[in-house]
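Contents: one structure, followed by commentary.
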Amino acid sequence: MAQKEEAAVATEAASQNGEDLENLDDPEKLKELIELPPFEIVTGERLPANFFKFQFRNVEYSSGRNKTFLCYVVEAQGKGGQVQASRGYLEDEHAAAHAEEAFFNTILPAFDPALRYNVTWYVSSSPCAACADRIIKTLSKTKNLRLLILVGRLFMWEEPEIQAALKKLKEAGCKLRIMKPQDFEYVWQNFVEQEEGESKAFQPWEDIQENFLYYEEKLADILK
């Protein structure tokens, strides 16, 4: 029974990361997956390619994608026109703090009133209601912040609570967009680890344009 439970835990961990599920009979591989910390915020400059290919894919039904991946670009401009820029990514477990909240807690916990902030997020899925509320509160008290959020998928978009939250984001001045194929390519080139000898070129999946149009229509209906 214990071995079955361990295998189930490992399967869940692997599926969330888009990892290969074929080698879970290997005791060492199983031990490695089980020992991964289950709930944490991970930050870095580039995310693994297999995570991107699985987590950012703009599928209609996102089964197994129980994390949020957030890639960010922060540009802080002073009165002299000089721009300080930074970029990176965060990932979360949905049972812990979400990536959107973690961004304001760890990446940009304070705002210099002498600077103007232009922040762009590329997120695997749109914010939940609680994260939308946190974003709205931050925007309301930080007049020198402009936030653009590009999302691969819409999270639980049929739920009235989520629709209301997305509308409130728009009303608060947050720009919300669906990621186009060109945006996925930008993330691939700027935020994804490239293995030695691997082609830098982005390889779009078969239904990337179709799914973009699907989500773009849904978002337009929600925000109108």
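The chain as shown is numbered from 1 upward.
Note: Cβ is positioned from N, Cα and C throughout, glycine not excepted.
Of the listed segments 1-24, 49-72, 121-144, Swiss-Prot assigns region 'Disordered' to 1-24.
Counting only residues at least six positions away in the same chain, the Cβ atoms of THR68, LEU70, TRP121, VAL123, PRO127, CYS131, ARG134, ILE135 sit under 8 Å from the Cβ of GLU100 (active site, proton donor).
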